[in-house]
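Novice: Here it is, the structure, as structure tokens.
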Amino acid sequence: MDFQLQATDNNARAGLLNLAHSQVATPVFMPVGTQGCIKSLDATDAQEILGAKLILANTYHMYLRPGEKVVEELGGLHRFAQFYGSFLTDSGGFQAFSLSDNVKLQEDGIVFKSHIDGSKHLFTPAKVLDIQYSLNSDIMMVLDDLVGLPAPLKRLEESIKRSAKWANMSLEYHKEKNRPSNNLFAIIQGGTHLKMRSLSVGLTHEGFDGYAIGGLAVGESADEMLETIAHTAPLLPKDKPRYLMGVGTPENILDAISLGVDMFDCVMPTRNARNATLFTHSGKISIKNAPYKLDNTPIEENCACYACKRYSKAYLHHLFRAKELTYARLASLHNLHFYLELVKNARNAILEKRFLSFKKEFLEKYNSRSH
């Protein structure tokens with residue numbers, strides 16, 4: 001993978017990721033397509049309407065259903081999903097912990113039971129890479145030991161040592177496979193303990209294609225999260241992309257960009273959309289509320305998304321109240337457009353050396369009202 005750092009503005013960065021299936025401008029927000037699709041959207045929505053170049057799918061879910069060998073036999077995840085941009089796949093470790101009963105953490109991996117049928121499985125560093133090779137992921141994440149917060153210092157230390165060990169094992173295994181189109185990212189752990197974060201970086205070998213800051217948005221405060229990012233990001237190689245996993249709000253994303261983060265994913269835009277919360281530059285609105293029943297204006301004036309160019313708030317209000325499936329599609333298209341435009345505009349501001357003023361103006365308006 002080739003990563004070109006094009007510009008910086010203080011610590012904020014703009015770059016280009018050259019992947020096997022697409023060139024991706026950073027900062028980038030990756031819509032979450034856990035099961036190989038973004039909920040309520042298809043590949044045409046993702047590629048042609050949203051213009052997404054990189055989306056996230058999940059190893060745990062694709063492994064359990066339909067099975068990575070099924071996907072491989074059908075031509076890999078891109079052909080299977082008919083999405084010809086790029087895929088990043090998470091290792092599935094988080095889902096193994098969070099969705100399964102009787103999870104057992106071992107030195108060689110994670111033993112878990114399927115949330116679908118109760119069958120028993122073992123994820124090892126090599127196993128999760130083999131699954132991702134079968135999917136033909138453009139970016140693969142290593143298996144890591146994620147800790148919920150707050151956590152005792154001893155547990156954090158165990159987590160970072162195990163995560164670093166698994167990451168380094170994954171790197172050696174990946175080198176043996178000689179698959180340059182499948183890029184491998186390491187994950188830095190350590191909770192909000194800054195010394196543990198430094199130790200995690202120090203224990204993780206160089207040579208990965210990118211580095212992720214994991215283990216955040218799992219119970220810590222916003223200030224703790226930002227302090228952790230501010231400490232960790234400068235420790236990572238400058239010539240590699242930096243990925244903040246599972247975070248988050250528009251404010252979180254702009255704060256993290258200002259601290260040197262390049263890549264983001266979160267279910268928030270689509271999950272909020274399905275639950276009637278829509279993003280606008282003046283804050284969030286709840287489309288289920290009564291005032292929108294007769295509102296003939298778009299979700300946001302001057303928004304170029306598919307929904308705003310065609311439909312009114314009144315129509316979206318009606319679809320939500322009627323529990324029509326079309327509502328989820330239109331609302332998700334709007335919210336994802338908002339997120340993708342946010343990082344696009346942030347990138348342009350970095351290129352033009354005006355990121356801090358862009359961020360300030362955006363947040364002043366965004367936080368002015370939510371209704």
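Just so it is clear, glycine is given a Cβ too, placed from its N, Cα and C backbone atoms.
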Novice: According to Swiss-Prot, Asp90, Ser91, Gly92, Gly93, Phe94, Asp144, Gly215 bind substrate; which one of Gln106, Gln132, Gln189 is annotated to that same site?
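Specialist: Among the candidates, Swiss-Prot records only Gln189 at this substrate site.
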Novice: Could you tell me which of the ranges 100-104, 115-119, 270-274, 295-299 is annotated in Swiss-Prot as region 'RNA binding'?
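Specialist: Residues 270-274 are the ones Swiss-Prot records as region 'RNA binding'.
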Novice: Among 176-182, 204-210, 246-252, indicate the range for which Swiss-Prot gives the feature region 'RNA binding'.
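Specialist: Of 176-182, 204-210, 246-252, Swiss-Prot gives region 'RNA binding' for 246-252.
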Novice: Looking at Swiss-Prot, which one out of His193, His231, His281, His334 binds Zn(2+) in the same site as Cys303, Cys305, Cys308?
Specialist: His334
Novice: Across the region 'RNA binding' (270-274), what does the mean pLDDT come to, as a whole number?
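Specialist: Value for the region 'RNA binding' (270-274), mean pLDDT as a whole number: 99.
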Novice: Cα of Phe94 (substrate binding site) to Cα of Asp265 (active site, nucleophile): how many Å, rounded?
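Specialist: About 14 Å separates the two Cα atoms.
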Novice: What binding-site residues among Gln189, Gly215, Cys305, Cys308, His334 are found with a C-alpha within 10 angstroms of that of Asp90 (active site, nucleophile)?
Specialist: none
Novice: Taking DSSP states H, G and I as helix and E and B as strand, how many residues of the region 'RNA binding' (246-252) are helix, strand and coil?
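Specialist: Result for the region 'RNA binding' (246-252), in helix, strand, coil order: 3 helix, 0 strand, 4 coil.
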Novice: Taking the Cα atoms as reference points, how far is Ser91 (substrate binding site) from Cys303 (Zn(2+) binding site) in Å?
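Specialist: Just about 35 Å between their Cα atoms.
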Novice: Among Asp90, Ser91, Gly92, Gly93, Phe94, Asp144, Gln189, Gly215, which the record lists as binding substrate, how far apart in Å are the two most distant Cα atoms?
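Specialist: The widest Cα-Cα gap among those binding residues is 16 Å.
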Novice: Any idea what the Cα distance is from Asp144 (substrate binding site) over to Asp265 (active site, nucleophile), rounded to a whole Å?
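Specialist: About 18 Å separate the Cα atoms of these two residues.
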